[in-house]
Amino acid sequence: MLHHCVLHIICALFFFLPLGGADSNYAISKLGTASKSQKSLIVNFSKSRNILLLDATGTLLLSQDDGTSWQDAVSNSDPAVVEQLYQHPFEDDIVYAITKESDILVSEDAGLTWFTVTMPPKTVIEAQPFEFNARQSQSVILNAARCESGSIWTGVTCYPFTYYTYDNFRNLDSVHDSIVSCTFAVGTVEFAGQDEDQMLCLIRENDVDLQAPFNQQLISVSKGFESIDYVVFDPYYGSLGTESVVAVGQYLVAAVVDVNSKKLKLHYSTDGQIWVPITFINAPSIGSLTVTRSTSLTLGVDVESTNLKNPVGEFYTISPSDAYAVRRLNDTNRDTRGYVDVIELDYLNNTILANTVANTEDLYKRASRQKELVTKISHDGGFSWTQLERPVDLECEGDDAEDCHLHLHLGITETKFGSLSPDRLPGVIMALGSVGTHLQPLSDSDLFISEDAGRSWYLSLQGPHYYSSSAYGSVFVAVKANENSKLIYYSLDFGREWESLEVEASFRALEIIPPKSLDSLTFLIRAKVKKEESFIAIDFSSILSRECTFDEKKVANGDFELWYPFVMDDTPQCLMGRIEYYLRKKRAVSCVVRNEVPVHSFVEQICTCESKDYECSTYFEPSDHFTCEVNPESLDPLCRVDPDATLQLKPYRILLGNSCVPKKKEEKEKSISMKCPKLDHRKDIHMYHHKIQDTISNIVYMEGTGEPDSTTELLLTSSQKVLFSYDFGEEWLEFDEKKNPSFYGIYPHAFLKDTAFLLTKDRKIYFTNNKGRSFYRLDAPSPPNVVGYPVFNFHSLHPNWVMYMGSENCDDSFYEDCRSVVYLSFDSGASWQKLPDELEYCSWVLGERLLVEDKLLFCNRRRAAADSIGYDLVASTDFFETEASSIRENVLGFLLADEYVVIAALTDDETSLSMHVSVNGRNFSPCIFPQNIQVHSQQAYTILSSKTRALFIHVTLSSRKGAEWGSVLKSNSNGTYFVNVLDKVNRNELGYVDFEKVEGLESIALANVVLNSDEAFNGEEKRLGTLITFNDGIDWERLYLIDAKKHYPHCDSKCSLHFHGFTERSVFSDPTSSSAATGIIFGIGSYSYYLEPYETSQTFISRDGGVHWELIFDSPHQWAFVDSGSLLVAVPSTNKTNILYYSEDEGRSWIAYQFAEDTYLIEDLSTAPSGNSQRILVLAKGKKSSETISFTVDFSHLRSRVCVFDFNDQRDFASWTPAGRDGKPMCLFGHKTAFYRRKPGRDCFIGNTPYVSDTIISNCQCTRMDYECNYNYERIAGGTCRLVSGAEPPLQQEEQCAAEGAIEWMEPTAYKRIPLTTCEGGLVLDESTTHPCPGKEDDYHKIHPGTPVWLIIMLVLLSVFLSTIVGAWVYTKAQSYLVGAIRLGEDPADETVFAKLMTRIESVVTAVPIFFSAAYHLVRSVFVRQDRSMSLDDYDNFEGMEDAAFLEVDDIETSE
């Protein structure tokens, strides 16, 4: 039905107006007032004169007469509100309307009839949801979403959901919910793939701990999802990181964000089966790119070359013949959305228009400056470019006369004004532009037209206009832009001359929509008429009544001509190796084309190749002498595989898409032979510097998931400002510059690497869970505590559970009623609840492997007595809603350390410290130290390590200032019994100890001992010496320096290598080793009698876990592990420098790199804690005392590819097994282990390469190294264990019977097996007599059935008989040896044969009483029943959170 005026649609009016001798019809339809965010949408059709209109109110209208009259498109009493309208790109009679309720209306007859597809509830359909099949119009994919309403905190959560249909939505199937989106492989008419039903889908790998797109893979799907195949871009990552897939011309292009480098990479396919990576030679770091429309043979890609707010790009073309991207044009114009001013013209082969930025240097200085755009054109697919010639009748004035050209508005701005290529009119170009040195704004532009593919131009209309044309250029239409007018212009001769017609109402044009059907000559002009959006329909059929004639055999006789794109002196010329022509309507004739006429090119002649038909090949570049010379850098990917290779290369190649035939014996067709050049890769290192007007207090790296260099860096300055960087310090931005808050600190989440809390002085918390890309501003419940407790405590199982240690009444200077308070949040700080006031400090007990209630809290509770020392340790599992459970009184502190909960407490008389341990969070047992070690109240514990199923603690035995040292003790597996493993170990007055485990090697540690403890106690300066252990503290030895005599010829055998340890490190987080570079250890020290001062020290390295050491620098250096140790970086630490050194061969050789012009004193060499980044921060002291210079050194371009790990082909990695100084593989914890490291010299970076970090080759036979001394035993010279004087052997019945499933216990020996050893067989030192555990007697006797009495009697008789025989034989032999014997005292070297014999026999005879003892116990076990005893509760194992802590009675400690 027709709408009436009350519905804001007026009845269509027709006027027949004779204007300028021309006749035309027009009609105006008003559509009401549109909002700023909405506009009407028009869809017209190629096979009918129907038009669909979606107006701003969501009403869908249909016209069947070219827009003259309108009616409801969908016949419904309650028409749906339509929000989106889409037309099928390959069958334009099919249209889809998306309603506000996300239902789909489908029409297959140009809008005449519709059917409704009702979508499931909660479906959301956003923009561009459809994917179409170019060969099967009924096959459609719908990429939608399902949305769920969440809490106020989470909001609405939407998940991708994809549907597909093979009958145009009559039947609809959904895919698996892990599918992100799908597309058809046959997405373009040009695509040549054979499988018409193939779909390509992005699938989310839910078991991969990465964020999108790194958890997305590309899969190939057959019809109906009957089969699914994963696309493989990388042998290990598959297609992880796939961002999107698009169909462009004959190509499928997949954009992949590399998991390692975080750079964007492209892969293409021409059949949907085989994918080829595109290689960009000497391209900028790819962070954003745009795939442009391809030619028939090539693919265009524009890569963003800057990260400016006003971006600039580089244009490349790719050929399937070699998959190399060749740079064709620099400084292309881009916008922040990714749109690019590079356009290939329709209906014209190899012709490209592009806008370039002429003032790029100015943009670097100030990104907000206006770009100066210069238009260029290429007629050979981008190989050569020229500027546009201005119309001959237009000139520039003054200084601009020499550089006066025509410049055009192209893709970024021009598309809304009109199309560059008129419909089916080869060689004609229309565009708005200006004449001058660069492009002027649209308001100062005119309409220009070229009829010869851009070689010459003429001014068509002055001022900016909207413009369009009908098919084949029968009529051009234009209206003025940006001003009100009543005139509509039209031209029948390609815009040379224009006529005008006038309408009654003044309008302001917004768009011209040309007719799509050859049966129509009606143009629609979308315009504002009296502030109402309207459409003006103009029908030119009355002035173009004659139909054009076309005879394919006699073209010249009709209304078409043969048009040649390149003509000189009226003679067609070779272009791209051929003479070709197009069929084009003659300009001078007035007629309308009603039937299709071919618009493709026709080849008339193939030409012989000339110089212009060649370009430099991939590895060559043009020289100033018009020849192609090799580019050594481009050969790098080839030569790094084999640096000594001889290459066969062709310097020239025929242009892509060129058809010429080479001449015989053409020199440009010949190959040359050349050796790989030697390259200096230092120029592949990128450096950025930034001046920070402050000193640095702390740097936090938020690594998150994915590629190593995708970190966000948060920096806290000494003036309490926070800076952040998204590019590893290339640029530092100040946090919340306008409000300028002061920060207490930065607190990274302990279990979520992309989450952190920033606490301000005004009690605000800035919370991020996306690596600082955005922040939530929250309220802190109170100021932070003032006594040094961790402000935030995080839950390992529930990341949103956060504990806050705050304070009350601590604002005044007297702190009279100042106290600590504890708050809990279950929503990452959005809300807080306060725990009871008497709680001083709390911690979650749940560790990584501790199987306790996740609500379990341990807290220090203040004691009632004001003068009391320590706290009451209490526990709660309901956040103190009920009475807390008391654990122990007089507690000084507690600590979670891997598998242990450790309590330090005062004894009841407050005279000494006691330590208690639990491995289940419930039951605590006292720690029993060796009898000769007592810990008094003035002494202290330092928890050192707990990684190897044993607690290492340092017990202070001397706390005199300047003479602090103590003993390192090691516990059994449940932390209760301790043995002394090293005496006189150095510590400082803060409690830190010179004891450090080697990362990645579980049994190796370094320690410094005080060599002159007595003298140091009496006031002399401590002299330190360094020792190393390879078996977890059992044995210690000196360090071995390679070529020590060569470097230190005057140092005798008393000299050894000593290192400055943990206590002297300025930045405690700086590691001497890294688990990412297993076996590589750095040290600063001296080869001397004892450790020399730091300033005179040297730098050493070990590549084999500390077995051998090598001198690398003659002065102290700082170091960093880059890319998992495949790159080592060092910089002098005591002198000013502008040089850093890097090594690609594990420190065997070093390359100097100058990172600055001036010299600086380096304060820190910093990189991400994981050690697998390829960037480092060099932090230097500035010229001013309160100034820091940050240098970012980027090594990511130093290598050309990612390392590949393959067990069967270890070309990039080599296995390394720790070995002793004799070269034999070392058994660490009872097994030989192979670690994999990148081979020195391999041209690859590790990044996140999924390689096996370590592999157990085989278990070893047990040796003495697999045993440690039992409690109350000490190791003596020779490695044996003896009972400490005055001590008793440990009673282990309770401990052994407490183990899960224990049936028996064994009497102690002097040895016990190391908990982590996996050795098998060999030496057994920890077995002795067994007894049944209480209550397990029946089970015990099933395992050890009683020995028959007759066997016992036989064993006794046999022992007596053997003893008699052996004794008689010894006596006889001794008599013969004694004849003529002479005794020479006690010298063992002169021991007599008899003595030697007796030594051997003694071992035999001694076995007799042992044998009898065994027999006795067998007898006893038959008749005697063991006494019953109490058993301990079983212990569960868990891992805690921290690796070291210092517990001390600060209030009562005094100096001795």
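Backbone N, Cα and C define each Cβ position, glycine as well.
Per Swiss-Prot, the features are as follows:
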type	residues	note
SIGNAL	1-22	signal peptide
TOPO_DOM	23-1348	topological domain 'Lumenal'
CARBOHYD	ASN44	N-linked glycosylation site
REPEAT	62-71	repeat 'BNR 1'
REPEAT	106-114	repeat 'BNR 2'
CARBOHYD	ASN330	N-linked glycosylation site
CARBOHYD	ASN349	N-linked glycosylation site
REPEAT	448-458	repeat 'BNR 3'
REPEAT	489-499	repeat 'BNR 4'
REPEAT	823-834	repeat 'BNR 5'
CARBOHYD	ASN974	N-linked glycosylation site
REPEAT	1100-1110	repeat 'BNR 6'
CARBOHYD	ASN1135	N-linked glycosylation site
REPEAT	1141-1150	repeat 'BNR 7'
TRANSMEM	1349-1369	transmembrane segment
TOPO_DOM	1370-1456	topological domain 'Cytoplasmic'
Residues satisfying Cβ distance under 8 Å from ASN44 (N-linked glycosylation site), sequence separation of at least 6: ASN50, ILE51, LEU52, ILE513, PRO515, LYS516, SER517, LEU524
Contacting positions for the repeat 'BNR 5' (823-834) when only residues 6+ beyond its ends and CB under 8 Å are counted: 153, 755, 757, 765, 767, 769, 776, 778, 780-782, 798-804, 806, 879
Residues from the same chain, set at least six apart from the ends of the repeat 'BNR 7' (1141-1150), whose C-beta lies under 8 A from its own: 1080, 1101, 1103, 1110, 1112-1113, 1117, 1122, 1125-1131, 1195, 1237, 1240-1241
Alpha-carbon distance [ASN1135 (N-linked glycosylation site); ASN974 (N-linked glycosylation site)] in Å: 48
Overall pLDDT for the repeat 'BNR 5' (823-834), taken as the rounded mean: 93
Inter-residue C-alpha distance, ASN330 (N-linked glycosylation site) and ASN349 (N-linked glycosylation site) (nearest angstrom): 22
ASN974 (N-linked glycosylation site) CB neighbourhood, other CB atoms within 10 A: 23
Which same-chain residues, if any, lie at least 6 apart from ASN1135 (N-linked glycosylation site) yet have Cβ under 8 Å of it: SER1115, LEU1161
Greatest C-beta neighbour count within 10 angstroms, which of the glycosylation sites ASN330, ASN349: ASN349
